[in-house]
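Chemist: According to TrEMBL, the domain 'PA' annotation covers 87-170. Here TrEMBL flags 1-27 as signal peptide. Summarising the annotation, TrEMBL assigns transmembrane segment to 197-215, 247-270, 276-305, 317-341, 347-367, 374-392, 429-451.
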Amino acid sequence: MDSQRLCGLVFVSALILLVSKPSSVTAGDIVHDDDSAPKKPGCENNFVLVKVQTWVDGVEASEFVGVGARFGTTIESKEKKAQQTRLILSNPRDCCNKQNNKLAGDVILVDRGHCKFTTKANFAQQANASAVLIVNNQKELYKMVCEPDETALDIRIPAVMLPQDAGATLEKMLMNNSLVSVQLYSPQRPVVDIAEVFLWLMAVGTILCASYWSAWSAREASIEQDKLLKDASDEIPSAKAPLGASVVDISTTSAVLFVIIASCFLVILYKLMSGWFVELLVVLFCIGGVEGLQTCLVALLSRWFKRTGESYIKVPILGAVSYLTLAVSPFCIAFAVLWAVFRNISFAWIGQDILGIALIITVLQIVRIPNLKVGTVLLSCAFLYDIFWVFVSKKLFHESVMIVVASGDKSGEDGIPMLLKIPRMFDPWGGFSIIGFGDILLPGLLVAFSLRFKLCTLSQFDKRLVLGISSYIKFLVVFI
């Protein structure tokens, strides 16, 4: 790997690390409880996601997702027990006055505005409605709470908020003189999320694989250097040069600047996040993924095709490239291109994870912590970076900048590509469990440093001592 390719990989991986350090976001989640909203008798429900399944003239149609109100009765959690009930439009539409419709246990569709949520629910209850669906005037979901001065609440029907587009679709169904029925239920998530377990195993396995590879390559380089000094040789074997020559050590200054530049880049992403910008990130991710996949495959295959891996040919712009690299590169490029083209299909997460893991492993071979001082500065700055952009940024931007960028809320896309993700196959709500590359890279840098230090620089007694310390560090990093 020549210097140009090395710089390119480091640049791409740095961008990825800056974007996604604290992206331990759980895709598809909505907060189920909110202690800041007032709770009182009759208004103390937890906020739950609600599935609204529809039927048009007896034929199953669209399914929508709403959020249950703080007031009203709790919503059935079992789909089998949830009743299929007729849906009608409110008259008046805002349900701020007595209903002109004759209801017989129907679900009523209501527009938001002009009066309190509890007032709408009370009028719907008085008209003998079985539930009330309140359509928001925005695309987002909104948590319906009680006013601080409201007392003696006695609402005995469920109330659900739906986003604007869901309300428009339901209204269109009703305007076609069709018989529309709905089923409301709120299935519970499993206690143990299998996807989270596999994601944890994937992240830990990546760190261990990359760390042991980094320590092994450093040990090989150290042994080779000792041989050269002993033999007083002036030639360095070309087969051993790339691993040692392509290492970039992080300094204390660069660790601080790294986080400062990360913050600037994060704000740029937040302000410019759109469909075209995500496409640009996809291109950068593919470049880094191709380089990472190529490096991992060449290192693996060179054990069986040693002569091909040690034979080089000069290529314009790229310089000296091994025959094995030339053979592997077309496959890596084709793999990345296929993922980019079909990244929105259901199983595209497999390709994204493969490219991401290969890139992380390669970065951990190139970017290294030289000592504990630099590691302490880097991780301390990253800790402050996390706290500020996940929590404090809400005060300045009225939303968590990091979560918005990681989930791709402003782009219309399903999150940025710099994430490892696994679908929640046993979760009734679906979605993905995701983790950012930075959450793997930074612990990986520390674990790799401890392993290199243990294997390359210490006496036999010191190795046993550091073995215990490094094992404790790895336990803390992995457990946290």
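Here, residue 1 is simply the first one shown, and the rest follow in order.
Quick reminder: no glycine exception, Cβ is built from N, Cα and C everywhere.
All annotation found in TrEMBL is predicted automatically rather than curated by experts.
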Chemist: Mind pulling out the one from 276-305, 317-341, 374-392, 429-451 with the most Cβ pairs under 8 angstroms to the transmembrane segment (197-215)?
Modeler: 429-451
Chemist: Out of 276-305, 317-341, 374-392, what stretch is closest in contact terms to the transmembrane segment (429-451), meaning most Cβ pairs under 8 angstroms?
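Modeler: Stretch with the highest Cβ contact count: 374-392.
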Chemist: Could you give me the DSSP helix, strand and coil counts for the domain 'PA' (87-170)?
Modeler: 17 helix, 17 strand, 50 coil
